[in-house]
Amino acid sequence: MMWCSAAVDVLFLMDGSHSVGKGSFERSKHFAITVCDALDIKPRKVRVGAIQFSSAPRLEFPLDAFSTQQEVKAEIKRMVFKGGRTETSLALKYLLRKGFPGGRNASVPQVLIIVTDGRSQGHVALPAKQLKQRGVTVFTVGIRFPRWEELHSLASEPRERHVLMAEQVEDAANGLFSTLSGSAICTTTSPDCKVQPHPCERKTLETVRELAGLAPCWRGSRSTDAVLAALCPFSSWKRVFFTHPTTCYRTSCPGPCDSQPCQNGGTCVPEGPDRYRCLCPPAFGGEANCAPNLSLECRVDVLFLLASSADATPEGFQWAKAFVKRFVRAALTGDSRARVGVARYGAELTVAVPVGEYQDVPDLVRSLDSLPFDGGATLTGRALRQAAERGFGSAPGTGLDRPRRAVVLMTEARSQDEVAGPAGFARARELLLLGMGSEDVRAELEVITGGPERVLTYTGPRDLFDQIPKLQGKLCSRPRPGCQAQSLDLVFMLDASVSVGPENFAQMQSFVRSCALRFDVNPDVTQIGLVVYGGLVQTAFGLDTHLSRAAVLRALSQAPYLGGVGSAGTALLHIYDKVMTVQGGARPGVPKAVVVVTGGSGVEDAAVPAQKLRENGVSVLVVGVGPVLREALRRLAGPRDALIHVATYADLSHHQDALIEWMCREAKQPVNLCKPSPCMNEGACVLHSGSYRCECQGGWEGPHCENRECGISSHIGAGRVVSVLLFPGTVAKGGSRALTEGVSLRSFIRQTFSGCPLHPRCHAG
């Protein structure tokens, strides 16, 4: 934005005292190096020197020592922290006495940049005033927690343009460049550049005195033989953070990329004042300006919600505006059925461009150009509620004729108010919530949108613009049906502990029933089992218990609420040992998945059992509800896409599509026929020619090591098939047991053939 190529002497006066400390001194050096990037350092142009001061000033290098930018930056990097007292006044008197070392005296403008915490041991106002009277332009740059009053007394007028904060390096450097470019010292690269103010904050750490109470003390008396006792006040000292609202300045200059010529997420790279090139995504690399367009073919109303708070920063706000401009140019083509609106928020929501109320795309872009940055608080929850209530205005159509409505939240700042409730309010109004932000706010965006699949993160401008095709895909994606033709053994594991409660458990049951409706339940396609856990672990029904969707739905409604203190780890081990096994009805060669729905209590011990299931070929997905132990759930869930976080139990229905999509994806994964092992009784499974065989331990035989010598061998020859015709209420001919009313066929078979393990499919009755 600025390239200072004038004849000017720039001297850094850097505080190296103990009150600054070595860490802050390194940040001071980083700030000085950043400033040098904008200076045309040559003997006849900009000269740069540096003095470090503490108990006494020390010349690091004079202004005529180096003649290139690289040499000056390297010498600044080599500066070593001194330590000592903060004698700022001695350093200023040194300059008054000797002038700028190696400089051109008053024949060229002189700029003094003082980087300090402003905690001098001497008086600085008078020597600073004398320097400024000699024509020296003085910038003061606060480091660590500075004493702002002293920095203001040192700086040139107007002070709000000459006092900066080094902890925010880019902000301080931009402020310095803006002040220089607005003066006669340096000029900007373009006459159309503008210096623009914006609100900002500066912080300091102060020691304050507080009245702590009263204590007895002795005082003198007028009489010579008496002493007066009284209660005396006493004080304590403590350190307090203070925030100082102020105004900062930025310089913005036009360039060849301001018109955003690169489409479809392409990044514009300026190559001079009027030339550019486009860095395009792979799909568009062969086209001019990254064409063709990514038209939004679906019918959708999109409201972009841009954070315009102090924590979001002006740069982040400008990136968000640039993203929206690129998106509308790429997506809103002549045949597009989408409509776009834009709102910004800090403490309040302002709808800048109502959805669809623009003449054309250039008109929409012009409206974005005039959208200002606000500063202030970050009340994302309030903005979401207001966007749901009035963000779409009088959108046309009702019922099936109504377009899909989506809110795209763009923020880099954490909210200062609660977001889960307002987000649920917005989703209850059938709004699709999508989030875009840095990795720092991913967790909050997942709470707002309802899951990681609705969140896009980025690390910088180029990475941000690469998200345009992904956003287009999420806006137009529709819920897919269940895995109708995919085989799957699926076990739901529900938290039925006292931390959930019976009402919330009922909502869990409803959620699982709605998921089961999306599957074709029969022994050849999808099998569903259910395990509940609380004070104990119980298999509500196994994988092969119910052979139709109607039967599964009835059984889900009858699942018991257990209460007590639950252990998710114990429940997962139960599934590993007794449910997701061939004996329990699991089918060899069929993908297997466990879906854990939990309120978060009792998951601390579950990570290892979950990993044990995964290593045995079983996928595990975790649905965490409410203010759960997020880190414990992350460990339990394993991969990032195996965790769905839900704000409340009432919001579970909003996450059904994400859950079904995950299960369908797992159903398509290749399987290992020996995981879980189909071999019983410690038999070893061996893969062989696209199938498997079981190598049985001694005393066992059969395809799955299920047979052994037993009590009925004297009556039935080995390898013979036995058919028994049973009539309820009668005695089976040739046998000693009767099948009477009230006795299940399964129980009768098990009693009759006790001690003889049958093939697992026979156990189904």
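Cβ atoms here come from the backbone N, Cα and C positions, even for glycine.
Annotation comment: TrEMBL describes Cys696-Cys705 as disulfide bond. The domain 'VWFA' annotation in TrEMBL covers 9-180, 301-475, 489-663. The annotation domain 'EGF-like' is assigned in TrEMBL to 254-291, 670-706.
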Per-region confidence, the domain 'VWFA' (301-475) (mean pLDDT, whole number): 85
Tally of residues which DSSP labels helix, strand or coil - the domain 'EGF-like' (670-706): 0 helix, 11 strand, 26 coil
Spatial neighbours, same chain, of Cys705 (disulfide bond) - Cβ under 8 Å, 6+ residues apart: Cys679, Met680, Asn681, Glu682, Gly683, Cys694, Cys696, Gln697
Cβ neighbour count (within 10 Å, all chains shown) around Cys696 (disulfide bond): 21
